[in-house]
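Undergrad: Taken from Swiss-Prot, the feature active site, proton donor applies to 248. The feature Ca(2+) binding site is assigned by Swiss-Prot to 115, 173, 182, 216, with similarity to another entry given as support. Under the heading chloride binding site, Swiss-Prot lists 210, 313, 352, citing similarity to another entry as support. The disulfide bond annotation in Swiss-Prot covers 43-101, 85-130, 156-175, 393-399, 465-477 and rests on similarity to another entry. According to Swiss-Prot, the feature pyrrolidone carboxylic acid maps to 16. The signal peptide annotation in Swiss-Prot covers 1-15 and is backed by experimental evidence. Summarising the annotation, Swiss-Prot assigns site 'Transition state stabilizer' to 315.
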């Protein structure tokens, strides 16, 4: 009995790091600003058949409606209440999405905005997605309800009430982030209200949460809230399962708050990942792909089993958040596909793929003055995600997760899951290759000259279909074929002018 108790205790301690994905699924996608009805359809028609593990959804709670500028994406990060009522849909639509996605083995992870409410300067009234009244001036949010007792006004020690110095951890946690009213998360009443909201979502069937602005909350306050959370719904999850937690902590080094303070609560977003990988792919600061041999902890990244990794996210793809100009996005499609391919092939971290929408970028003095633009819409009503005959998306939805190269690398990651990093090769420059045990092999050419090499793949002999240039269809290959000999070696030729200068083969792409 003692042994059993110890085991269950260990299981409980580790549970918040487990994404509870269906067996063999390893990557989630952020369907940024998608409507619940579209996500439900996407789970059934695309994500499940292609082996995606789950979806990070935009904040589902009621938020402020901002008219100047007109309906920006960031209004969803200014809560008014915890009613499930946003431009992505109402509670019935949310429930239907969670049901339908779970039923095909695709998990839902909610972006939970629990550090703050709306901005201090917002006008009192009912300009909210569900019409709830609020008055920021006197801290009145009857939709929760919160009042003046529930905010950190008295605790913050700066004259402005806002964060003025990121070298002061207390300011970062107790003062207002960008003028947003900071909740007093050390108060049990506030913790209970936040936990009630999250428990409502857990009972509906979500698998976990991205905790927005975790850097701006004390790790102990987060833990106190997590301790109040229900186990996951046993309709889809095994008894005693705890919600998967990944905390948004922007830590590029050199500040008072560090990611490792949060490891006890769950995984943490590793913002260094995309910033550093972007520099390598762009060949900035003398970086080159050959240096990626010890990618991961060897590059000063957090422990792999604590990291949630991504090439870009909804913030830094438009210059917000962290990472700066090195971040690769769909605007840099060729390098972006290579970077996402590298991420999905490499064993480090738990991976998230971005799915974006188009906006009219307009750089003035180095800043995109349209970085606020919200999702494709008709008079503020979010447009449906239409699907074109070639399986790309219409209505200005980018849908990177539907790009063949990215979709097929999600499958690659599933196939090689658990296999060791192996058979590294590089040319001391920007041509590199590596394998995952005897299940997969990938080759990159990011140099300005052709690659022509015979490499040890570690794979069994046979003919393989390159899943970057094509697909395995009815036992044949629509792309490049790779011939692996009895010695495990194969010859690779990649032109530096190829549309996608990388090749990937795996056990299930064998013809």
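Just so it is clear, glycine is given a Cβ too, placed from its N, Cα and C backbone atoms.
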Undergrad: Among the recorded positions listed here (210, 216, 248, 313, 352), which has the Cα closest to the Cα of residue 156 (disulfide bond)?
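TA: Checked the recorded positions 210, 216, 248, 313, 352; minimum Cα distance to residue 156 (disulfide bond) goes to 216.
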Undergrad: If you measure residue 313 (chloride binding site) to residue 115 (Ca(2+) binding site) at Cα, how many Å is it?
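TA: One finds 20 Å between the Cα atoms of these residues.
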Undergrad: Return the residues near residue 173 (Ca(2+) binding site), defined as same-chain residues 6+ apart in sequence whose C-beta is under 8 angstroms from its C-beta, sorted by sequence, else 'none'.
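TA: Once residues fewer than 6 apart are set aside, residue 173 (Ca(2+) binding site) is near 216, 217, 218, 257.
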Undergrad: In whole Å, how far does the CA atom of residue 393 (disulfide bond) lie from that of residue 130 (disulfide bond)?
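TA: That comes out at 29 Å between the alpha carbons.
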Undergrad: For the recorded positions 182, 248, 315, work out the Cβ neighbour count at 10 Å and name the residue with the minimum.
TA: 315
Undergrad: For a quick check of understanding: among the disulfide-bonded residues 43, 156, which residue's Cβ has the most other Cβ atoms within 10 Å?
TA: 43
Undergrad: Measuring Cα to Cα, how far is residue 315 (site 'Transition state stabilizer') from residue 248 (active site, proton donor) in Å?
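TA: Rounded to a whole number, the Cα-Cα distance is 11 Å.
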Undergrad: For the disulfide-bonded residues 85, 175, 393, 465, 477, which Cβ has the most other Cβ atoms within 10 Å, all shown protein chains included?
TA: 465
Undergrad: Which are the residues of the chain, 115, 173, 182, 216 excluded, whose CB is within 8 A of where the CB atoms of the Ca(2+) site average out, their centroid?
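TA: Those within range, site residues removed, are 116, 152, 172, 174, 175, 176, 177, 183, 185, 213, 215, 217.
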Undergrad: What does the structure give for the C-alpha distance between the residue listed as 'active site, proton donor' and residue 210 (chloride binding site)? Integer Å is fine.
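TA: Rounded to the nearest whole number, the Cα-Cα distance is 7 Å.
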